[in-house]
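Here is the structure we will look at, set down as structure tokens.
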Amino acid sequence: MKPVFCGNFEYDARESDLERLFRKYGKVERVDMKAGFAFVYMEDERDAEDAIRALDRFEYGRTGRRLRVEWTKNDRGGAGRSGGSRRSSSGLRPSKTLFVINFDAQNTRTRDLERHFEPYGKIVNVRIRRNFAFIQYEAQEDATRALDATNSSKLMDKVISVEYAVKDDDSRGNGYSPERRRDRSPDRRRRSPSPYRRERGSPDYGRGASPVAHKRERTSPDYGRGRRSPSPYKRARLSPDYKRDDRRRERVASPENGAVRNRSPRKGRGESRSPPPYEKRRESRSPPPYEKRRESRSPPPYEKRRERSRSRSKSSPENGQVESPGQIMEVEAGRGYDGADSPIRESPSRSPPAEE
């Protein structure tokens, strides 16, 4: 009897679902379920041919997946095959672990498999994974004897399929052994660290993992400067021609300028300002209000008189000072008045001479 390969169905599909699907075309002897595919054994090959023609590329399941149904490429043998023919057809090396499929996954327990395989040798471990199981024997001869006796036998009204596992458990540690996790963990500890971990553990990772190196970098005089040139204010202070005159010290000590001078150039404020700040204030400071009033309004008569007197007294030490109107009157009274003649004084001098 040649099995029919059926694949591409949903992973949650059950053996009873496939059996019900193929039963429409003939009698189904058994279904060997795998992960994602199955082998369907039908009693008559002509019925199997009909099933292949009808079900290949057939949309099946909730998602409408297209089935792949065809003859198996290698003849897996019939129900009356022996263990020797089974091993020769599969080409697997004998091992201590047997691979069991096609049992009732919903109702079969570990104890049921132990009772079925115990008569042929001492069992080390039994593990069930969804719809397949692994039976591990203590000796390889016991596993061979169990395979010859239990393959195509009935377990809880199901015809099971038994074959050798791909690798031997205790020598290979391939995952079929119950010691899988204990075998893998020491290997992981002995394994060399990954390049990512080596990179993170190295002192050159990122900006430096060592706090000492970080402190050494911060205390360096070049830390944080990069390629930026010093601010104009710093260049003026570092210049040998920088002078600390008395007026500058007085302005720095004044409470008005202290708030501006205390701004740190490291915060980016001093770099955009022209050096030094107090010079800009001197140039940009507007004259006092009384000067604006004096410039905007027309000068009074005594200012005109003062301008004339200023041209004569440029050599005087008082030249350039702002004089009050009272001072101007005192000066004019002391040195003689050269302004416009008073009509009272001019009347006797401009009167026509008396006729003799």
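Cβ coordinates come from backbone N, Cα and C, glycine included.
Fair warning: this is a prediction, and the values are worked out from it, not measured in the lab.
Taken from Swiss-Prot, the feature compositional bias 'Basic and acidic residues' covers 168-186 (among others).
What Swiss-Prot lists as compositional bias 'Basic and acidic residues' is 238-253 (among others).
Sequence annotations record features per position, and here Swiss-Prot assigns compositional bias 'Basic and acidic residues' to 268-306 (among others).
According to Swiss-Prot, the domain 'RRM 1' annotation covers 2-74, on the basis of sequence analysis. Averaged over the domain 'RRM 1' (2-74), the predicted model reaches a pLDDT of 87.
Look at Swiss-Prot and you will find 96-167 tagged as domain 'RRM 2'.
Sequence annotations record features per position, and here Swiss-Prot assigns phosphoserine to Ser192 (among others) based on similarity to another entry.
Sequence annotations record features per position, and here Swiss-Prot assigns phosphoserine to Ser194 (among others) based on similarity to another entry.
Per Swiss-Prot, phosphoserine is recorded for Ser210 (among others).
What Swiss-Prot lists as phosphoserine is Ser239 (among others).
Here Swiss-Prot flags Ser254 (among others) as phosphoserine.
Residues or ranges marked as phosphoserine by Swiss-Prot on the basis of similarity to another entry: Ser274 (among others).
Taken from Swiss-Prot, the feature phosphoserine covers Ser309 (among others), and the record attributes it to similarity to another entry.
Residues or ranges marked as phosphoserine by Swiss-Prot: Ser324 (among others).
If you look up Swiss-Prot, you'll see Ser342 (among others) marked as phosphoserine, on the strength of a large-scale study or a structure entry.
The phosphoserine feature in Swiss-Prot is assigned to Ser347 (among others).
What Swiss-Prot records for Ser351 (among others) is phosphoserine, and it gives a large-scale study or a structure entry as the kind of evidence.
Under DSSP, the residues of the domain 'RRM 2' (96-167) split into helix, strand and coil as follows: 22 helix, 26 strand, 24 coil.
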